[in-house]
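In what follows, a structure is listed as structure tokens, so that the remarks can point back to it.
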Amino acid sequence: MRSFLLSRLRRNPRFFLSPIASISTPQSPSPPPPLSSPSIRTLHGLPPNPQSVITAQPSSSRVVQLFSPEETHTDGCDDEDGPMNEFLSRFVWIIRPKLADAYPALPKDTLEAMLLVVCQKVVALMEPGASVDDPPVDLSEDLWKTVVEVSNSVYEAMRRDRMREELKKYLHWDEVKEMCRFAGDIGIQGPMLRELRFKWAREKLADVEFYRKLNQMREQAQNQERQKVLSLSSGTDAGSVSLAEEKVGGSKVAALPQRKGKIKYKIYGLDLSDPKWAEVAEKVEEAEKHFVPEELQPVEGKCKKVDERILSLKAKRDDPAPLLAEWKELLQPKRIDWLALLDRIKQRNVDLYLKVAELLLSEESFETNIRDYSKLIDAHSKADHMEDAERILEVMTGRGIMPDILTFLILVHMYSKAGDLDRAKDAFESLRKEGFQPDLKVYNSMITAYVKAGLPKQGEMLVREMESRDIKPTKEIYMELLRAFTKLGQVDGAQRIMNTMQFAGIQPTLESFTLLVEAYGQSGDPDQARGHFDHMIRSGHKPDDRCTASMMAAYVKKNLLDKALDLLLTLEKDGFQPGIATYSILVDWLGRLQLVDEAEGLLSKLAEKGEAPFEIHVSLCDMYSRAHQLEKARKSLKILEARSKLLRADQLERIISGLLAGGLLEDAKRIYDCMQSQGLAPSEPIRVALLAAQSIRRQKSPTRRGGKSR
């Protein structure tokens, strides 16, 4: 090879004296001078040799490969000269100024001759078996070190250029484009997307290089095997064969190279080889058991017939236990199969569903948990089966399963709906002990429980607690408390709720004004009731029949008939027509005044409006009894006795008082006994009046018998 290079140099001795065009390296940022001779690009030819290497070893311990076999082993002479021409051209361009700086006093011809010698030594390094451990005899150690450094820099520059050209190809690879599209779809844009694209292209290039090296090693191993077979077939003795094996033994590939370190799995640039992803995979697998439903077993054949028989059962008369046992034996169900059966039963018959669900609580294959108990308790509470719900709760606690927060929530709603204040309070306190902060629904249920128990004051305290926790009570909660205070005649509470509603931004409605008027009327303050009545009209609300009746009832308390009539005349001028409620109040008022004819006139008008309320007969019975119109009194009394359970204690006492006043002692005694049988305690005046009437009657009876005897 050296003689081949020298022959080229003799033909053109100024090759190393002229700069080479189109060279750019990190060491020479400025552009080189133009090409001086068009024949320079063909001076450096090399014979095809796939083992051509340059060994750059600044530390005498590293060997680098300049050209890969596919770069040097080509069929055409121009392709063979390409890499070598490129390398020597770059090398000459970098080493010439270094020699000029190191030897400024030497003439130009001497420097060029020195450059020629250096290039010859560099070409000699490309011979197989060449080494750079020791510098040549005719070159100094410093000069040789510089030559090796320049050779390494040229090699690195050529390698980077080659990698850059290949990287351009992989930037447009289909897989890289697909990953870039995916990154764009999830919102990655701009510089980050560009960096990811280059990163994925480099990874693809690294994979190709890895498999390319594996192919090279495989080809070398196959070549060595072929040489070995040829040597054996040509009759080579064992010594020569062993010698050939020794020559190639050092480079023989016995197996694929093993990876060092951990294998990395990357999907769209995400490194999944981290140990944390193994933990994530385990957690996902566990979560799938709860969220990903299992497949149902097919219900076919005989099992299908049993299934239909179960669905056709009657909850009250049939026992589903035998059919459930037969169904279980045929299907061998899991929990999901049991749940599917319960869903089918629930669609057909809710009562049967409750019965079957309770039976399954003790089934082992059903895998009962606390949610099954809580769901069944909730279902019974919504169906108003409080005793059944409490039985399920006792079964749950008896099996060692203590109620959780969700179960206590169900109990609060159930007991509040049933009006059991004590148990509702216990469940509410248990929620607090569990650390649960009550929400709007829980507060609403507890307020309802207090209202049903006749304790609206405690419900109001819960409203204040809600406001302190920035939970805004609803309009329905305020109206429920307002109704409770009005029913009890507690004006102060009703007025506080009304003011609180206004502060909360809830505008008063016709119903709220009506309740406030009714509250003041029951407390015996018609002036305040009239004030709120007028305020309601000024607010744009037209009084209805109920509101007007409440105002009339307030005047009844103080017997202010003139003001009541004046109000009615004023409202009639504005187009108001009295209804059933207003006429009922007026009939009751006139009945108390014993104005029978006027009351009967209003009663006829009341009949024109529709069916008279049941309570109107209390007034009629009292009026007719005191007016000694006994037939009419007994007619109204008969109607009242048929529905006596709907009457209040004060209404029953008014009936007894009227009957005693009309002399109907037997009827009065019968109503008195009916009152006691209903658990209502008569007041002391009624009891004394009844005893007095009975005593007077006993005193009159002997006198009559005595008169007859004489």
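Backbone N, Cα and C define each Cβ position, glycine as well.
Curation plays no part in TrEMBL annotations; they are all automatic predictions.
Per TrEMBL, the feature domain 'PROP1-like PPR' maps to 360-491.
If you look up TrEMBL, you'll see 20-39 marked as region 'Disordered'.
Marked as repeat 'PPR' by TrEMBL: 369-403 (among others). Each residue in the repeat 'PPR' (369-403) has a pLDDT score, and their mean in this model is 93.
Here TrEMBL flags 404-438 (among others) as repeat 'PPR'. The helix, strand and coil residue counts that DSSP assigns across the repeat 'PPR' (404-438) are 27 helix, 0 strand, 8 coil.
Summarising the annotation, TrEMBL assigns repeat 'PPR' to 439-473 (among others). Beyond the repeat 'PPR' (439-473), the same-chain residues lying 6 or more positions past its ends with a Cβ under 8 Å from any Cβ of the stretch are 409, 412-413, 415-417, 419-421, 424-425, 428, 431, 480-481, 483-485, 488, 490, 493, 496-497, 500, 504.
As annotated by TrEMBL, repeat 'PPR' applies to 474-508 (among others). Sequence-distant contacts of the repeat 'PPR' (474-508) (same chain, six or more residues past either end, CB-CB distance under 8 Å): 440, 443-444, 447-448, 451, 454, 456-457, 459-460, 463, 515-516, 518-520, 522-523, 525, 528, 536, 539.
Long-range contacts of the repeat 'PPR' (509-543) within the same chain, counting only residues at least 6 positions beyond its ends with a Cβ under 8 Å from a Cβ of the stretch, are 479, 482-483, 485-486, 489-491, 494-495, 498, 501, 550-551, 553-555, 557-558, 560, 563, 567, 571, 576. The feature repeat 'PPR' is assigned by TrEMBL to 509-543 (among others).
Positions annotated as repeat 'PPR' by TrEMBL: 544-578 (among others).
TrEMBL lists 579-613 (among others) with the feature repeat 'PPR'.
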Summary of DSSP states over the repeat 'PPR' (474-508), given as helix, strand and coil counts: 27 helix, 0 strand, 8 coil
The repeat 'PPR' (369-403), counted residue by residue under DSSP: helix, strand, coil: 26 helix, 0 strand, 9 coil
Helix, strand and coil residues within the repeat 'PPR' (579-613) as assigned by DSSP: 27 helix, 0 strand, 8 coil
Beyond the flanks of the repeat 'PPR' (544-578) by 6 or more, those residues with Cβ under 8 Å of it: 510, 513-514, 517-518, 520-522, 524-526, 529-530, 533, 536, 584-586, 588-589, 592
For the repeat 'PPR' (509-543), the number of residues DSSP places in helix, strand and coil: 26 helix, 0 strand, 9 coil
